[in-house]
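Positions annotated as signal peptide by TrEMBL: 1-24. Residues annotated as domain 'EGF-like' in TrEMBL: 29-69, 112-148, 307-347, 348-386. Annotation comment: TrEMBL describes Cys352-Cys362 as disulfide bond. If you look up TrEMBL, you'll see 832-944 marked as domain 'CUB'.
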Amino acid sequence: MGAIWAARDFCLFLLLLNSRQSAALPEIQADPCAEGSDGCHIDAICQTTQGSYKCTCKAGFKGDGKHCEDIDECDLEYNGGCVHECNNIPGNYRCTCYDGFNLAHDGHNCLDVDECKFNNGGCQHTCVNTMGSYECRCKEGFFLSNNQHTCIHRSVEGLNCMNKEHGCAHICKETPKGGVACECRPGFELARNQRDCVLTCNHGNGGCQHTCEDTENGPICRCHVRYTLQPDKRSCVERDEATTESSDHNATAFAEVDKRVKRRLLMETCAVNNGGCDCTCKDTSTGVRCSCPVGFTLQPDGKTCKDIDECEHHNGGCEHFCRNTIGSFECSCRKGFKLLTDERSCQDIDECFFERTCDHTCVNSPGGFQCLCNKGYTMYGLAHCGDINECSVNNGGCEQGCENTMGGFECFCRPGYKLHWNRKDCVEAEGLPPAKPPTKPTLNCSKQEGGDRCFLTCQSQVHISSGTEDSYTVTCGMPLSCLADAQKNNSGLNCLGREMAAVPRIKTTATFKSGTGKCNLKRSQEKLREGLNLAHSDSRFLFTENVQFSYVSLHCSSSGQRMRSRHGRKAGEEDGSSITAEFELDVNLEEVTESCDLNCVRRRSEKRLRKTIRTLRKSINREQFHLHFAGADYELSKNLGQPAEAQGHCVAGQVLVGRKCVSCSVGTYYDGDQGRCVLCPAGTYQDEEGQMSCEVCPGPQGREVSKVVGARNMSECGGQCSPGQYSHDGFTPCLLCPLGTYQPEVGRTSCFPCGGNLVTKRSGAFSFQECETKVQCSPGHYYNTSTHRCIRCPTGTYQGEFGQNYCVACPGNTTTDFDGSTNIMQCKNRQCGGELGDFTGYIESPNYPGNYPANVECTWTINPPPKRRILIVVPEIYLPIEDECGDYLVMRKSSLPNSVTTYETCQTYERPIAFTSRSKRLWIQFRSNEGNSGKGFQVPYVTYDEDYQELIEDIVRDGRLYASENHQEILKDKKLMKALFDVLAHPQNFFNYTAQESREMFPKSFIRFLRSKVLRFLRP
């Protein structure tokens, strides 16, 4: 067709050129073909003749030129020459093959695909190719599981499906009475003995290369008229030309040969050997005319058809990779991209869409992504964030005591000392005035305009942590214990010192709905600010609540940003926001009397707190709750109907850049009046992102204020002693650290001794590595200054540098497999197992996607609700390959070794597999031995209505689900898997994915694959 259209365009070009040349002549003759005024059909070619024109139907069409209709080549004798399926298209046709076959070079014949050549067909043990299909077989002592690819150990105990004598040819299922029942794979029928399985034409075309016909005795194979059946009764070969001519001669030897027959014998005709054409032959007045199907081009001999390598021209239109096939081609994408439904374009996979990708922040990039951790946390296991134990590294730099907290640490001093401004050194406390305690967060509520209006005022210790564009967390004050709640800990707050830990404190949590507004910490209008001032100054406004809290945390989240429930969003459900508030209130010890002890005072305080929360709930429901901090007032959420300024789309501490909210960087703060990020002025610094103000730089009294603008940390304020130096107050002028000491930090009042009578090569040393040790310790060791020996880092610590005197503690709840670790990636989380959700979830090896730990055992259970079955997809699994199966994953009905097993493997498989559970509930175990470790697995599962069991089985057992690389990538794409599970678990939802909605989801081949099965299942 391409050649025909090109010829047509070329002819039109020549005609147009001719008409332009004719325009210069004095006599102008009308050319209907050039002017388009001819009456030729759209599928005809207009040819100019002397004083007129002629219409001729294009090749592949018939008619008088005024009226042309498509010739259905597939309707002609012998199925258009196609041995399997013939698909008519306007002006041409295309041959296609059944699953398990590929189109031959002639464009008509179909050849068997050897699936075993590609990744062993996905078989765990042995792959055996068959005509039109393939089979997986197991070694002795194993049998094939229901997924038809993996193998399961046989048992010799009891009469059940795990017993090697169960006798089922394909699938064995236990009956309620304790017996066994046999089933067959799709495409097979159960034999009369209820054990064997009989092949039908529905599986691999019945093992026939061309045509398959089901009979009582099994499939019978036949060949296309141009082919002959081979002795194996399955394969077909093209008939020998001499044989064809001989048979034709014998058929006419005894008949009278008339003139028409003589002309056919003397001239080339389509009746004899197809006119010598490879493909389609058409008799014309001048002889035969050969043509080729789509994807082939006619060679100069006018007979032969050659496959077109579409990839040679503009890469076949493929954005990334193009692979030529017989009669067609396939596009594929680089890793990290997916093929769109046009089967040409590639789109980046947004790994960050999947909420489990990173613990903290996920940054997507073309073809990949990057995980980032909040301040005070470090990366482990490629995607996880764990608290850094700063105290494990040189005592956190603290001169006396160091206390680790979640997301930070705190130095403390012995009695009689207080912390220096650098928060690490300790100075004598005698004669110093007591430090002024920070102002506590205060909640004031008053009756205004017939309702409650509340203001939370935070004068100090304010911290803002931004989540998505529609969520944030604001904290005020100091929490009692940083170990109590991970959400507070993530804010990076410092903890209270030990001396405050004994203060009686009430803690409570409440959740408030905030109308239909979305979370957006937006600056209030002037009139609202005036309302707060008026409430404070005017006696007419009586405070109904006036409570001083010790700590307040407000977390706002929008329902549109939260993950939908397992049943999806309900009809009529509106977007809105909710606020989770945590309050900590110190018990006032002054209220303790003889008649009311501490418990009595606590109960009274709790009662007042409950009343305060009720008032606050009314205020938030009326959208009359505001925050006052950093000298300005803020609303918690913004109503969807209100027009917003550009900066109003972002939470506090963020600014709109293009269409994305970006946190103000370190060294800057968000100025609400200007609506932008501003550099910290001279004499201040800010070492965190997304803040509303800057901290004051430390400095000696009477000293000129630092002139540095935009300081990103305390050390950039200037005037402080450099590493390797010290002074009595940490400011210049400074002295060099004497021999035998070192100092790695700025602004310190002393230097650390090397210990063990070690000396340094020079004064002003700034690391222990400059101390002249007696031996040089390698990574994985630390130098013991008492014994002057290198000691292996104990389990749970690591050291990646030479010549250090400490080992770094593993972050968070991680530990190492052995002692002497040299890298943080050897720190692994061992937590795993538990009871999984009823509807969907993940079976994940510990520390995934990092390597799982050695010598670990995990056990999960899945108990679906009544009348639901389990579907599991294993996208890929990485286990060390060894003979004795040291690491394995097994899924069975119960913990009993002889219970019905659904899946069992101890090897690496990069090819995905989907299967249904052989039992209604699943017991899953993963175990690694002492010496192994690997990436492991992340296996999603979903439960579905058992009424769809037949459909689900039909889908997951069809080899086409795994045949294409693009289909395999779908099973590995977490975003697509979510949509796929939606369809598999609820097949009627397939119709929710229109062509427009699925454009960026599934390639057409996958849609066609699902459509046929879903429509067949739902057809009455």
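Glycine too: its Cβ is placed from the backbone N, Cα and C atoms.
Unlike curated entries, TrEMBL annotations are predicted automatically.
Within the same chain, residues 98-102, 154, 164, 170-171, 185, 203-209, 234-235, 901-905, 907, 909-911, 913-916, 918, 956-957, 959, 962-963 sit at least 6 positions outside the domain 'EGF-like' (112-148) and bring their C-beta atoms closer than 8 Å to a C-beta of that stretch. Under 8 Å from some Cβ of the domain 'EGF-like' (348-386) lie the Cβ atoms of residues 334-338, 406-408, 465, 490, 492, 563, 688, 810-814, 824-825, 827-829, 842, 847-851, 973-975, all in the same chain and six or more residues away from its ends.
Cys352 (disulfide bond) is surrounded by 17 other CB atoms, counting those within 10 A of its CB over all protein chains shown. DSSP labels the residues of the domain 'CUB' (832-944) in these numbers: 0 helix, 52 strand, 61 coil. Counting only same-chain residues six or more apart in sequence, the Cβ atoms lying under 8 angstroms from the Cβ of Cys362 (disulfide bond) belong to Glu351, Cys352, Phe369, Gln370, Cys371, Leu372. Residue counts for the domain 'EGF-like' (29-69) by DSSP state, with H, G and I taken as helix and E and B as strand, are 4 helix, 17 strand, 20 coil. Look at the domain 'EGF-like' (307-347): DSSP puts its residues at 7 helix, 16 strand, 18 coil.
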